[in-house]
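Student: Please see the structure below; I have some questions.
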Amino acid sequence: MKKLLREASEYLLSRGIRFPQREAEDILMDLLEISSRSALHQAKLSSEEQSLYWKRLRKRGDRCPTAYIHGKVHFLGVELQVTPQVLIPRQETEIFVEQIIGYLQMHKEKTTFYDVCCGSGCIGLAVRKHCPHVRVTLSDISPEALAIAESNARSNALAVDFLLGDLFDPFSFPADVLVCNPPYLSYKEFFESDPEVRCHEPWKALVGGVSGLEFYHRIATHIHKILVSGGVGWLEIGSTQGEDIKQIFHAKGIRGRVLKDYAQLDRFFFLENQANDAVSSGEVSGFSER
């Protein structure tokens, strides 16, 4: 086993993988369904398992993200199928959604929740799991992504609604709470991104346009149609877009604030639709603001 892992690590290193030993172990642990690294070194592989292992290693060597190789991720107690038709849920998003769940549990009067540009459904399904009093609707423009989200809802026995369409178009009435992860990379940023992103994740879910801000202009223009008066929303944003997005919404008379992640990078934009105290009550711990 040590020889196999050493050869696997050396192969991944030769392909430019940043943490080759850890990833060689992770891929093997997933294949053998082993959760302990100490148990991994005692395992024995059949010739068929070795063949499957090297097949997965070659995929990773081609810079395919590990989550796509595994085919699933865990997100706040929800097991999610992930394929190249959907973005891979990020750890920053998971930490942030914990705070949104806390907000909804404190504000029981908020009973309708929209997850727009839902992808795998990670946000909406986690909200539904932990806030059963909330009616959750997930939407996406991609039929393939929505099919993955629907499959994830079924496999986790979570009752939610689904709508297919572009941004806010499929919704017929406003919600109390909105979360949206729109495409926000510029073309330049996309072509400069890591191969794992550029070559494998769905580019339509990543690229907003020439500036990367195009979807935020659309959201700011139509936010009053998608949120009730007093409603609140969170938008995922690019790491340097905070001030620009704040100005986009300010120009439409919408108050909001930028939330930074633990690395002090712009990560989310919190907004309110004419609520008198929503900004203060919507504070998200663990994220600084400006």
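Keep in mind that glycine also has a Cβ here, set from the backbone N, Cα and C atoms.
According to Swiss-Prot:
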type    : residues                       : note
BINDING : Asp140, Asn181                 : S-adenosyl-L-methionine binding site
BINDING : Asn181, Pro182, Pro183, Tyr184 : substrate binding site
Student: If you count the other Cβ atoms within 10 Å of each Cβ, which of the binding-site residues Asp140, Asn181, Pro182, Pro183, Tyr184 comes out on top?
Tutor: Asp140
Student: Which of the three DSSP-derived classes (helix, strand, coil) applies to Pro182 (substrate binding site)?
Tutor: coil
Student: Between the Cα atoms of Pro183 (substrate binding site) and Asp140 (S-adenosyl-L-methionine binding site), find the distance and write it as a whole number of Å.
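Tutor: With the alpha carbons as reference points, the distance is 12 Å.
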Student: Could you state the CA-to-CA distance between Tyr184 (substrate binding site) and Asp140 (S-adenosyl-L-methionine binding site) to the nearest Å?
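Tutor: Cα to Cα, Tyr184 (substrate binding site) and Asp140 (S-adenosyl-L-methionine binding site) are separated by 15 Å.
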